[in-house]
Structures are given as C-alpha cells and as structure tokens.
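All remarks here apply to the structure that follows.
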Amino acid sequence: MGPEALSSLLLLLLVASGDADMKGHFDPAKCRYALGMQDRTIPDSDISASSSWSDSTAARHSSDGDGAWCPAGSVFPKEEEYLQVDLQRLHLVALVGTQGRHAGGLGKEFSRSYRLRYSRDGRRWMGWKDRWGQEVISGNEDPEGVVLKDLGPPMVARLVRFYPRADRVMSVCLRVELYGCLWRDGLLSYTAPVGQTMYLSEAVYLNDSTYDGHTVGGLQYGGLGQLADGVVGLDDFRKSQELRVWPGYDYVGWSNHSFSSGYVEMEFEFDRLRAFQAMQVHCNNMHTLGARLPGGVECRFRRGPAMAWEGEPMRHNLGGNLGDPRARAVSVPLGGRVARFLQCRFLFAGPWLLFSEISFISDVVNNSSPALGGTFPPAPWWPPGPPPTNFSSLELEPRGQQPVAKAEGSPTAILIGCLVAIILLLLLIIALMLWRLHWRRLLSKAERRVLEEELTVHLSVPGDTILINNRPGPREPPPYQEPRPRGNPPHSAPCVPNGSALLLSNPAYRLLLATYARPPRGPGPPTPAWAKPTNTQAYSGDYMEPEKPGAPLLPPPPQNSVPHYAEADIVTLQGVTGGNTYAVPALPPGAVGDGPPRVDFPRSRLRFKEKLGEGQFGEVHLCEVDSPQDLVSLDFPLNVRKGHPLLVAVKILRPDATKNARNDFLKEVKIMSRLKDPNIIRLLGVCVQDDPLCMITDYMENGDLNQFLSAHQLEDKAAEGAPGDGQAAQGPTISYPMLLHVAAQIASGMRYLATLNFVHRDLATRNCLVGENFTIKIADFGMSRNLYAGDYYRVQGRAVLPIRWMAWECILMGKFTTASDVWAFGVTLWEVLMLCRAQPFGQLTDEQVIENAGEFFRDQGRQVYLSRPPACPQGLYELMLRCWSRESEQRPPFSQLHRFLAEDALNTV
C-alpha cells in the first residue's frame, strides 16, 4: 500500500469516526490552568496599567511591593483605570481570580466589582458579557479573600484588561490571576448569517447569542461565538447543557425558507497559512422537528484577503444514517489545501440546519515554503507556536499545577440559590416589620472581624471562594497602611489615616464612545435589532493620521466579511468649536507649527454679527472688521474695497474648556496656519494672550454653497427635467459652465490638501463658501451649524458623522484617506449639479445608508448609487461613479478631477 493510499485511508477513518462523535474536540471544563500571574510565568514586561500608585511591578503579581496594583486615579465615576495582561498568544480564558491588597496584612483596599475587556489583535477591544448580557462581575468583600469567577462564555483573547469599579471615591487595589489554556485552532473569526427563531409549541431561539463581532444587515462578522466555544449541543436542540438559558441556546440555526440559494454560506479567517485536512461540524438531526444534517458541503480557499478564491472548490456529499435523530459530528475532508480564509456553503437537506460547533484539523504552513509557489501575507505579530499534534483547538499547559475544578451546575447549587433567595426575602419582611434598632442588631450580628495578620494565596487551588490564613493574628485589627507614594522607598512603620476618605487625582479628560452599562436581560435571548457598525474608540484630540500606502503591520481584514468599525474605534470628526478638523499626517514634534508664525489679532477690532454654530467647548461667530487696510501688520487680502468691512469667521474657545480642549484648539491653530491656497479658507490671526482664545479665518459674503445654489435656477431650461419646481424661474440663475467652474475650484482646493496629505473628512457644499465672481473656498465649520444637523448621523448621542457623504470604508472601518475625500467630492459634485435641491440618498434612512455601505463591501451587486442629476451629461456622471469605486485605488486623484472639470467637462455628452 503506497503512502497516498495510506493517507487516504487514515482520512476516511477520521471522517467515519467523526460521524459518531467529536471525540477529538476540546473540553472547556479542562481548560482551567493558571496562566502565570502568581508564579511570574507572565513577565513584568507583559503587565501594564493605565496608571499605578506605585512603580513596583511586583505588586501586580502578588503580595510583594505594595501588595497589589492600585491605580493612581480614582475609578469613580468614569471607570477608566485598568490593569492589562498580555498573554503574547491567543488563549481561551475560562476563569479569573481577584484579591485585594496584601501589604503584610496591613492593606484594606479591594474591588467589590469589575469589568473585563479583551482583544485578539491589540486594535479592537471587546467587553466581556455573560450569557444574559451583564458586564459587571462581582468581586471581593474583603482584602484577604480570593474570589474565582467562571467566565460563561469563555473568551478567546491575547490581551485582557481588568477595570475595577466603585460606587464612590475610594481606594481600590487588585491582584489577579487568569486561568485557561492556549488556543491552538488558529481561528480568528467567522462570518455567518444571523441565527433565526423556530416556532414550535414554544419559541426556540437559534441565534449566536455570545458572538463578539458585529451584526449588520442580517450578517455577523469579525468575531467568535457559540460555534467555537467547545460546547456540543444535545440530541434535543430544545434542551441545553447550560442552566437558566432559553430553548435552543446550544445551537445556531437557519431556515431553508429564508435562503433562496438553498445553502448557508460561512467564511472563516485564521491567524496564518494552514494546510487543512478536515473540518468537523457538529449538527443536529432531530428530523421530526425539521432539523436535518447538511446535504453537502462546498468549500473554497484563498491565502490572503485581497486574493481570489483558488482552484476548484472542495465538494463533499454527506451520507450515512440520516434517519437516526441523534446529533453528531460530520467530517468534511479538505484535502490538505493551503489557505488563511475558507468559504464554505452548507446545502439544505431539510427545513432547518442546526450547528453547535465547528472545528478544523490543520497544520501551520511556512509562508516562504517553495511548495507554495511564492510568499504570502505575514503571520500575525504574536509569536508562532508548534503545529498541533492532535485534533484539538486547545493545548493544555499544566505548568506543573492541577487545573482549577469547575463548579458543577448541579441541583445542589440550584437548591442553595433558592435558599439564599428565601432567606433574603425573609430578611426584607423582617426589616419592614421591626424597628430600626432591631434592624441594626441584625446587621451587627452579620458583621465579622478579620483576625488574621498575613495571607499567602495561590489562585490555582480549586474552589469558588478561597480564604487561606497562614497564622493567627493579633486580637486587635492591624492599623491601616496606605500604598506607598511613587518614588518613596519601602518602610516598615505603618501609616495611620486621619479618618477622611482618600481623594485620588482624577485622570485626564477623555471622551469614550463605548457604552458599558446595559439593562439586565431576562432568561430570553436578546431582541433582534439593527446593529450599527461603530468604531468605539475616541481620542482626546481630534487629529487623526490618514492611511499611507505601504505594507500594513497586520494583514487587512477579509473582503467577504463586513469589517468592524474598529471598537475601540469611533473617530470623532468634530473639533472643540463644533466644526470638523483635518486629519493630518504623522509629523515629528513641532513640525505642525513649521508654517508662518501666527499673527496676534486685536480683539477690539472684531464686531459681532451673528452666531454661525457651536460645539462642546466653543462657538463660531460671524464678525466684521472695519477698515482692515489699517491693520498693516496682518496679511489680509487686498481685494477688500476701502471703506467696506471684512467678513471673518471667529472660532471662540469658552473659558471653562478643559485642558485637553485648549490643547486641541492650539493644534488646530497650528494646522490652519499651514494652509495657503486661494480655494481654502486662511487663518488671518489669533487672540491667545487671554481668554477666551480665538482664531480668525476668512469668510465669504455670499455664505455657504448649499444655501447659495438652492436659491438659484439653472439657466438652461431646455435641459429635460432640470432641477426646479416646474414653475417659472424666480430669482437669480446660474449656468451649467459656471457650475463646472464651481466644482473645479473645489477640486483645486482638495488637490492642495492632498499634496499636504491632509484629509478633510467632511467635504460637502455646506462646507464651501462663495465669494465675489463665484469664488469658492473650502471651510470646516458646517458641522457646527444647527441648520445642517439633519446631514449628520449621531452615534450614541455624542459623535456625529456625515454618513451620506462618507465612503463605505469610513463608515465600516473608520478609515479616512484622500481616496475617501474623493468619494465625498463625488457626492459634492452631485449636490452642485442638483443645485442642492435634494439630500444625498434622501429616500434612505440613516440605517439603510449604513446597510448600503455593507453592500459596497460585500460587492454582490446590491449596492445603491446616487442617480444621475437631470442636467448632468453621461460622461460627467461616469466620473462620479469612478469617485464611488469600491476599491480606493481605482478612484481618480484630485489632480485628474481638477483637470477634467477645468478643461474637458464642457465637451462631455
């Protein structure tokens, strides 16, 4: 028997064994080994924090140093302080342990509750939630006790952050340990349709309730969930191995009636190139209720996100005893195909497909192997590990310890919970019936005094709540000892407090767009709702580095799963005075101010006319400057007629603005001082000697382009369906060549910004000003005006985004580049040719606009474009469509757009 025949026989045996059970699949109950915080397997360099009262890293590990990690700032009320652990590789974390500050038995700080956030790539952070949507985890009740908490569901993560909580200003300290094992499967995310609901005698919810990615337009992408949590469903899909969950919890299911194609398509992304031998899918076959095994599976492969699917797909028809109603694992041979991305289609053989787990048998492949025919996308930045030696998604690393036993969800636990609830109810009744003195007596009986002096804890010992005392302490409680101030050497004498609460300095102001608190959920599943793709990281400043060409640090996201808008990634476009701010390239310190020196403007020469808009920390005013020619020290334009005032826009920072807001305001001044172009508003001067800080820029006498064009009629009434209300022309008119001249000036100004690698991020007619002889200048304060509030989509009540002008990659990924400005220019050109009589995508709601961005990404021909304006020639409309190309590199540069509009547009038909 040859090697090829032997290999085929082994694979067939594997497939046959998989039909009965997923024997090689990992058991999450055994993945509970201490990962190394207490025994220092995790080095100091992998432990960091938002701030720390003491520089001692030993405190983060155990009872050394100050006895625990204590944040320098108060955790109340913002809850922004965190302790971060970098595991260097992906791990499945199933259990966490916490303890308060030790300090030789003198510490009294601990955290009563905390939250967890985790990341697989260091860019996108996700908040851990239990199966009912609760984020807050109960912590310690005293500084000595160790509290172990099972994470249900477990999380696949490389980086984990602990966020302690408090209900008032107080000192909080933590010692932590993580339990789990190495994630060997290499699966980073899967994309699948949203699970559906089966209606029997009761509703059976077959949604992926623990999925930690995003949901847009009925598609889940960018995360992991129940199909990769190690929990295999029961034969009766209405029952579950978990307690207090809804019917159907263990399975994700789809109805044949909802898929006209006859199959469910899923895509899987892995950490690096792998040679795939087989895929195991645990399916339900309770055919009496409509669940059937797949009729067949078809898989395609590719090695990179931007590459085409390679070769012929692997097809496998599933047979076997389909009449047996037991759930089972079916194995699909994959023939050793090499890929990072798999797209598999599961064919319906009955009314429903129900999956509880999907795993892969694969080996890591060297990227530079000659057998692969070239080089491919680099492996992720975490250290590579040896290939798996058996069919398991996890490698158990005992580190010389025993795994922590899992608390079984037995009837005894349920009975204890019921007894506790009854006791609490009785206590409440007694409290309502008895006097206050009796209530205090009951409370005093419940108080306990800690008599122990010193404690040594090993969090790897099994148990749920562990209290270990090494030796008896004194009868009187030890004196309180504060954590050492940073830089002070240790001392042995304890410090007795004066009885007042320790007020810690608040951290610097930072706007967070992620919302952590959610209302409690009942035993039912979450209500289906439109999930807006949001990038939930905000910055204290508003200047963002645009994308530059070159090799990325990490492989780009797969192109068949709608990308996330980076969680930890909402970019706020709004500056401190309400207008948008330019995204500027990364420059060395001080380079932003390399423009001409700013000119101090005499505040007394400004005469207020009206308020144009406002933001969180400032306002934009329209002012006049009388006799500007008298201000010889200022670089004013010379086209202001003598005796006429000069119109200027004045951005004013309120005196009560935060320090960060003041810094952002001064950054904006430096950036504006660099802009010198006839089609960009210029910085004329500043008032920064005293409050309020002001910057003075150009303003044009005809106002913004949107209001200007909407008051005009098109001269060429012969153009069929020209914008208008069908009545005789009233008011001023404008010609089609003049509209092209207006658009060419906008393209010229954007061409100048592109040469500086500046990104505008809010290009629209509302942000263009009109002067004499149809002179156009691009501005930046349209976002601050209440007049245009309907043009912006408000995210979580804070950030505003002009989604109707934004490219799809801006909406889904927060990626702003010069190419995304080209997209916005195409929409602006559409506005100009419509004479600003209609809002882009006016027939769509904001949610439908976001869904349309997802259609652009999926590129399946269902995306919607703006229609051709009646007065727009076909050749010019084709130029607009090029601006809205899916691939950013296919969009024309601004130099080409300006040349076409200035020279060739009149010749188009």
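Using the three backbone atoms N, Cα and C, a Cβ is placed for every residue, glycine included.
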According to Swiss-Prot, of the residues Asn207, Asn367, the one annotated as N-linked glycosylation site is Asn207
Among Cys31, Cys299, Cys344, Cys418, Swiss-Prot lists the disulphide partner of Cys181 as Cys31
Disulfide partner of Cys299 per Swiss-Prot, picked from Cys283, Cys344, is Cys344
Among the candidates Cys70, Cys283, the one bonded to Cys173 through a disulphide according to Swiss-Prot is Cys70
In Swiss-Prot, the N-linked glycosylation site annotation, restricted to Asn366, Asn498, falls on Asn366
Neighbouring CB atoms within 10 angstroms of the CB of Cys344 (disulfide bond), all protein chains considered, total 26
Per DSSP (three-state), Tyr736 (phosphotyrosine) is helix
Cβ contacts within 10 Å for Tyr788 (phosphotyrosine), all chains included, total 19
Cβ contacts within 10 Å for Cys299 (disulfide bond), all chains included, total 24
By Cα geometry, the one of the recorded positions (Cys31, Tyr788, Tyr792) nearest Cys70 (disulfide bond) is Cys31
Close in space but at least six residues away in sequence, with Cβ under 8 Å from that of Tyr793 (phosphotyrosine), the same-chain residues are Val800, Leu801, Pro802, Ile803, Asp846, Val849, Ile850
Smallest Cα-Cα separation from Cys181 (disulfide bond) among the recorded positions Cys299, Tyr788, Tyr792 is shown by Cys299
The rounded CA-CA distance in Å from Ser627 (phosphoserine) to Tyr788 (phosphotyrosine) is 33
